[in-house]
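A quick write-up on the structure given underneath.
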Amino acid sequence: MRVSFIRHDEAELGERCLLILNSCSLIGETFTMQEQHKQTAKPDFIVSLILTAFSLLLLGLSVAMPKYVEWGLYATPALAPIIFSLLLLIGSLILLVRSLLAEGYKLSVSWEQSRRFLMSRPFHNFLVSFGLVLLYYLMIGKMHFALISTLYLFVNILYFRGTSWWKNLIISTVAAVSIWYCFNDLFLIPLP
């Protein structure tokens, strides 16, 4: 379809633009954006509630951070977390409103669905990733940053079968040591 923007009626041009923007092709079938959104309305509803609660928690913790008035607003340590938590809150509220309009709040969960979810590969991947992050957090002060970061990256790549073990070791070591060097020697920010 050739789109020409020369001397077209505004209504016809608007219809063409909407047609182009609202349709997308996925594996040979055409779905409108509304149909796609209806398919994800329920997961979007759940995720938006979790993100809204998380962003409100972050916002509360950020506001409670110590403020150094003599530094000015731009230099206070709470500024970046407040901005990021507000952006996350706005995004999650937009997602919540969209899912409410698509009736994503009409949830029905059976025992079989719950069992399938708990046995699913993505849920297990989440648990492993969360466990690795938690272990990394607990070990970060007890081991050298480059060593614990190398181990963390190595196990992550190994679990998700990213590459062979020797390439994995090279990638993990170079990445962790490079980050440690940049922060310690170039930015003069000491890492544990």
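Every residue number used here counts from 1 along the chain in the order it is shown.
Even glycines carry a Cβ here, placed using N, Cα and C.
What TrEMBL says about this protein:
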- 46-192: domain 'DUF1468' (DOMAIN)
- 45-66: transmembrane segment (TRANSMEM)
- 78-101: transmembrane segment (TRANSMEM)
- 122-139: transmembrane segment (TRANSMEM)
- 145-162: transmembrane segment (TRANSMEM)
- 169-189: transmembrane segment (TRANSMEM)
Review point. With DSSP, how much of the domain 'DUF1468' (46-192) is helix, how much strand and how much coil, in residues?
Key: 111 helix, 0 strand, 36 coil
Exercise for review: Determine the mean pLDDT over the domain 'DUF1468' (46-192), rounding to the nearest whole number.
Suggested key: 87
**Study point:** Same-chain residues at least 6 beyond the ends of the transmembrane segment (45-66) whose Cβ lies under 8 Å from its Cβ atoms
**Key:** 76-78, 81-82, 84-86, 88-89, 91-93, 95-96, 99-100, 104-105, 107
